[in-house]
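Here is the structure we will look at.
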Amino acid sequence: MSTDTSAEDIAAREVAAEQAFVDRVHAQLTASQQQAAELAREGRGRGQLGHEGGLVERDAMVYQAAKRIAQLDAAAEGLVFGRLDLSADLDPEPRYVGRIGLRDENRDSLLIDWRAPAAAVFYQATAADPHGVVRRRVLRSKGTTVLGVEDELIDASDPRAQELPIVGEGALMAQLSRARDRRMHSIVATIQAEQDKAIRAPGKGVTSISGGPGVGKTVVALHRAAYLLYTDRRRYETGGVLIVGPSGVFMRYIERVLPSLGETAIALRSLGEVVDGVKASRHDDPAFADVKGSARMAEVLRRAARQAVPGAPREFRLFYRDNVLLLDNRLLGQLRRQLLGQGRRNKQIPRVASTLLDALWRQVKSERGRERGRQAFQDDLLDNHDFLDFAAEWWPPLEAREVLTWLRDPDFLARVSDGILSHDEQALLLKSWAVADDLSIEDVPLLDELRYAIGDVPLKTDEDSGFGDFVGSDIQELSTAGDREFRSSRAWTPPTHRIEDDPFAHVLIDECQDLTPMQWRMVGRRGRTASWTIVGDPAQSSWPVRAEADAARAEALAGKDLHEFHLSTNYRNSSEIYAYAAAYAARVGLDADLPTAVRSTGVDPVQMRVDDLEAGVRSEVVRLAGEVEGTVGIVVPVARRAEVERWLASWNEVAAEAPNAATGRDTSADRIVVLTGLDTKGLEFDGIVVVRPQEIEDEASTGKATLYVVLTRATQLLSVVS
Ligand SMILES: Nc1ncnc2c1ncn2[C@@H]1O[C@H](COP(=O)(O)OP(=O)(O)OP(=O)(O)O)[C@@H](O)[C@H]1O
């Protein structure tokens, strides 16, 4: 037997020992999966018993089993990632930490769920405060194979420190240097102590996580969502967890993190998708967006929702037994206000016919008219098609989308924005709706505001109104007409959900510094009774009127206690890249929160001026793509996007790395992509080439903050081409 104990031999021996344990865990996982499948089969069998209780029981069993199977499947990759060796008097046996918890055949704990209280010391132990931990070990794996281990000696003064070998260079540095692909990955093995505090904060009130670029705000928030589900599954699964991020690209970037932690029951939505059934992915020009995002729009929309339906009849005349009965425009206005005084517009549908009937009956003065009484009058009118048609056209069930189109009429817009929006602002709105037919991301909060202002169309009308049939049958017909209206625009389908279905148990907002006041109102409505996690960095904000957004935020979160966490280490950028970005922030006067970047590569960012822009950008993109293993982002001014996309598609030497560049589609298959400054929010790349930074800066009033964001996206190489 060899007595050689070189570092490699020790490492190999340790890896083999961990592999034996990991194999045991996977055997147990397979057994658990079989058990869950068996449970699902048994559940389906129960349904065939035929009695109702059997069905309910079956559904519950199948549901639970399916959930467990999904969880076990999802967690298989890198299932076991941590090991703790504690002081001998605490526990002589090692403890293993994994993505999910598992028990062995004797129901003894084999693997501790990373979210369980017993796993907390894995993240919290430090040399200054070891919590009884002597050695912390992170296992690096691919699939079910252990590739290596990374150890940290936490308590050198403990007697066991002598016998436990220490292998590797530290898990965090190994993890931070890895190449980036188009997906965010879980950091479950290397969560740092300050991050762990935010993750495990109680699910009450508002938890705010702030910090500069790359400190892990997003990834921490996602782990927090998984943590909350673990601690109170019933509450959060029943009530729902909503995670809102800036863009569809960003949502695709983060969407694998939670499933990889075994959590699937979470709604991930970009700001253009917060309203059920609506999917907007296009940003308006900054000038349009600034008007649409302003809190003043709420009052404009409130007024719009109270107006008479454009194009609806403005009077109704009826000859009834010697009487001329007249509902003129003035009287109809009064009746409209009377109805609106009783609640949301659509909710008043059951009252419309009786309100009109009352007004008409008051005008019946002749003896011949009154002698048959009010009931006969009512019966006559409810048989009268003119009356029924008038009522249906005067007060149709309204969809928010339809009311939003009313604002495209300059006279209508001028009427409802009188004293609120300037002429210039009105013109900007009209222009934004004239240039495109589909909804923009900035239109979605307007639509939501209107949904709440007009209310849902009643599915069934009030029984006791006495006019149920009349109103009910007309809703069908009229909403079909509305549907036709909806179908004309491609990007979205009519909202299927009712406003009562909007609220969630927990709302998590990422990049919250960018929410406009109208967006705060929209998400606020989803979390009135929820607990919240809000994540952001004010220096990265792209909303110009800070005070207005702060007020809207305070209103959305009113009455909830605020728990603040601040993160201070930048894990993304090399220290060289972050120093360059921080110097820019200081030079242009951004009030930036500057974290410490912990990883140095020795490579400074490159800054160059070129005459031939295409040739300059091309050579930098090719260079970066050759030097880094992962993704490369080309960040361009909005106005140059199409041009640069065309260049990229024609560069043969990178064709294989940007297969979708030619079609302009954004898919996760591309290693090289073209993005605008705003698109890069929340994302990261191994290499970044910034094209004409001055133009990005000049694009919007918040261009400096956007350029600062852009400069903080690269993990390894940054090149700035002017
Ligand atoms: N504890 C950690 N271990 C390993 N990687 C980490 C850790 N914390 C953060 N990271 C990595 O650092 C990078 C930045 O994280 P993240 O995107 O969450 O930061 P952020 O604060 O949201 O950044 P920004 O505000 O600039 O978009 C990610 O690649 C993330 O995986």
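Including glycine, each Cβ sits where the backbone N, Cα and C put it.
The ATP binding site feature in TrEMBL is assigned to GLY211, GLY212, PRO213, GLY214, VAL215, GLY216, LYS217, THR218. Taken from TrEMBL, the feature domain 'UvrD-like helicase ATP-binding' covers 190-574.
Overlay of TrEMBL feature records on the structure.
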{"residue": "GLY211", "record": "ATP binding site", "Cβ neighbours (10 Å)": "24"}
{"residue": "GLY212", "record": "ATP binding site", "Cβ neighbours (10 Å)": "27"}
{"residue": "PRO213", "record": "ATP binding site", "Cβ neighbours (10 Å)": "26"}
{"residue": "GLY214", "record": "ATP binding site", "Cβ neighbours (10 Å)": "24"}
{"residue": "VAL215", "record": "ATP binding site", "Cβ neighbours (10 Å)": "26"}
{"residue": "GLY216", "record": "ATP binding site", "Cβ neighbours (10 Å)": "25"}
{"residue": "LYS217", "record": "ATP binding site", "Cβ neighbours (10 Å)": "25"}
{"residue": "THR218", "record": "ATP binding site", "Cβ neighbours (10 Å)": "23"}
Next item on the list: Taking a cut-off of under 6 Å between Cβ and any atom of ligand 1, tell me which of the binding-site residues GLY212, GLY216, THR218 pass.
Entry: GLY216, THR218
Item checked: Within the predicted model, mean pLDDT of the domain 'UvrD-like helicase ATP-binding' (190-574) -> 87
Checklist line | Extra residues within 8 Å (Cβ to Cβ centroid of GLY211, GLY212, PRO213, GLY214, VAL215, GLY216, LYS217, THR218), ATP | finding: ASP537, LEU567, ASN570, TYR571, ARG572, PRO595
Next item on the list: Could you find out if DSSP has PRO213 (ATP binding site) as helix, strand or coil?
Entry: coil
Next item on the list: Going by DSSP, give the three-state secondary structure for THR218 (ATP binding site).
Entry: helix
